[in-house]
Amino acid sequence: MQTTHLTETHFADLPINEQVVKALSAANFSHCTPIQALSLPPLLEGNDIAGQAQTGTGKTIAFLVATFHYLLSNPQPTKKQPRAIIMAPTRELAVQIFNDAELLSQHTGLSLGLIYGGEGYQSQREKLEEGVDIIIGTTGRIIDYYKQNIFSLAGIQVAVLDEADRMFDLGFIKDIRYLFNRMPKPTERLSMLFSATLSYRVQELAYEHMDNPTHVQVEPERKTGTRIKEELFYPSDEDKMALLLSLMEEEWPDKAIVFANTKHSCEKVADWLQADGHRVGLLSGDVPQNKRLKILEDFTSGKLDILVATDVAARGLHIPMVSHVFNYDLPDDAEDYVHRIGRTGRAGQSGSSISFACERYALNLPAIETYIEHAIPVTEYQADALLRDVTPPKPRHKKRMQNGRNPQKRQSSGSRNRRKP
């Protein structure tokens with residue numbers, strides 16, 4: 001974790017439980033981000049919060065600090081039943097929240113349970129049966145265990161809903177209401193809701209299940225963030241891949257995400273980058289959950305330098321120190337452009353966004369520039385200067401099942417072992 005001085009407010013200057021302050025200090029957190037400086041004072045006084053903030057603003061630490069502070073300041077004699085619940089729309093976001101929460105739990109003695117679908121059914125169940133103080137997870141699996149009477153929600157002191165707008169988008173709102181209705185009354189618990197937008201339906205949810213929440217809002221001056229350098233190219237279809245490979249060689253990003261609009265396009269990009277010697281991870285909707293988590297772990301730790309992804313990875317993922325975002329395809333939804341390039345330039349760091357307005361997706365550009373309220377600076381390129389001497393990737397083999405035979409597995413094209421001299 002890095003120390004980022006975004007406000008003059010120090011965590012140590014706030015009336016936060018001493019154990020939590022020590023945990024923050026051990027993780028190199030000293031100064032509050034704007035959303036933390038705005039939300040923590042009312043939360044520390046026991047007031048509910050409905051906060052508007054984008055991913056990457058520090059909201060996770062804000063609600064974790066408030067949660068740990070409240071539980072430590074209001075101890076309960078009962079054991080083995082959860083005292084706080086943090087609900088997230090996706091498995092990846094739940095894992096990231098859990099990882100941040102571990103930094104605080106190591107110094108406070110509060111136990112955590114990570115609950116999400118797709119894997120680990122028995123191990124997660126056993127963890128809940130042992131007893132945890134804080135449940136972090138997705139609603140479907142949480143409800144599954146709840147209906148089996150594995151745990152009770154009667155002792156919940158803190159409830160957190162992260163990315164509430166995304167919950168609506170994914171159709172999880174019935175699950176949210178189901179869980180809220182089985183907790184103590186809003187007046188008997190501390191509740192926090194965070195969302196990228198405080199739409200009417202999100203505000204309605206807040207007033208329905210929270211106790212007169214204080215509204216806090218942090219919006220960047222520009223939707224795309226002033227620390228992100230934006231750049232636009234107009235490649236021909238023939239030059240598009242060569243331009244991407246050339247820019248990778250020229251920019252040599254420390255950590256980059258390349259977005260494409262389809263699974264097929266992502267596979268093509270990943271194959272060419274891998275053939276050129278880069279260390280690449282491919283993340284799309286049909287990648288198995290255990291493999292998705294391994295790819296994200298390797299990308300975060302630096303074992304992979306480039307992540308090629310569809311928009312499934314554009315929201316909710318907190319991956320620190322992403323230096324570059326490439327829009328190989330301009331997104332069909334203007335809002336997705338903001339979510340994509342928001343993966344870089346986080347927490348006071350600078351970042352670069354490079355977009356291709358190709359023959360197929362250039363028509364998406366006017367809507368994007370209208371939404372972000374500025375034109376993206378255009379850079380010209382010389383077609384004859386592009387990188388062309390790249391060994392083409394091996395063709396992908398379609399999976400077949402004939403006469404009981406398994407499909408032949410494609411061999412990896414190796415790791416990215418070149419570095420700038």
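For all residues, glycine too, the Cβ spot is worked out from N, Cα and C.
The structure displayed is predicted, hence computed values, not measured ones.
These features come from Swiss-Prot:
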- 9-37: motif 'Q motif' (MOTIF)
- Ala53, Gln54, Thr55, Gly56, Thr57, Gly58, Lys59, Thr60: ATP binding site (BINDING)
- 162-165: motif 'DEAD box' (MOTIF)
- 240-387: domain 'Helicase C-terminal' (DOMAIN)
- 389-421: region 'Disordered' (REGION)
Mapped DSSP class for Gly56 (ATP binding site), helix or strand or coil: coil
Non-local residues, at least 6 beyond the ends, that sit with Cβ under 8 Å of the motif 'Q motif' (9-37): 1-3, 44, 51, 53, 57-59, 61-62, 65, 68-69, 72-73, 103-104, 106-109, 216, 218, 347
DSSP-derived helix, strand and coil totals, residue by residue, for the motif 'Q motif' (9-37): 16 helix, 2 strand, 11 coil
Three-state composition of the motif 'DEAD box' (162-165), taking helix and strand from DSSP: 2 helix, 0 strand, 2 coil
Neighbour-count leader, CB within 10 A, binding-site residues: Gln54, Thr57: Thr57
Tally of DSSP helical, extended and coil residues in the domain 'Helicase C-terminal' (240-387): 63 helix, 23 strand, 62 coil
Other same-chain residues whose Cβ falls within 8 Å of the Cβ centroid of Ala53, Gln54, Thr55, Gly56, Thr57, Gly58, Lys59, Thr60, the recorded ATP site, in sequence order: Thr33, Ile35, Phe194
Mean per-residue pLDDT computed across the domain 'Helicase C-terminal' (240-387): 87
Intrachain C-beta neighbours of Lys59 (ATP binding site), sequence separation six or more, cut-off 8 angstroms: Ile35, Gln36, Ser39, Gly51, Ala53, Asp162, Phe194
Fewest other C-beta atoms within 10 angstroms, as judged across Thr55, Thr60, which are the binding-site residues: Thr55
Cβ neighbour count (within 10 Å, all chains shown) around Gly58 (ATP binding site): 23
Cβ neighbour count (within 10 Å, all chains shown) around Ala53 (ATP binding site): 25
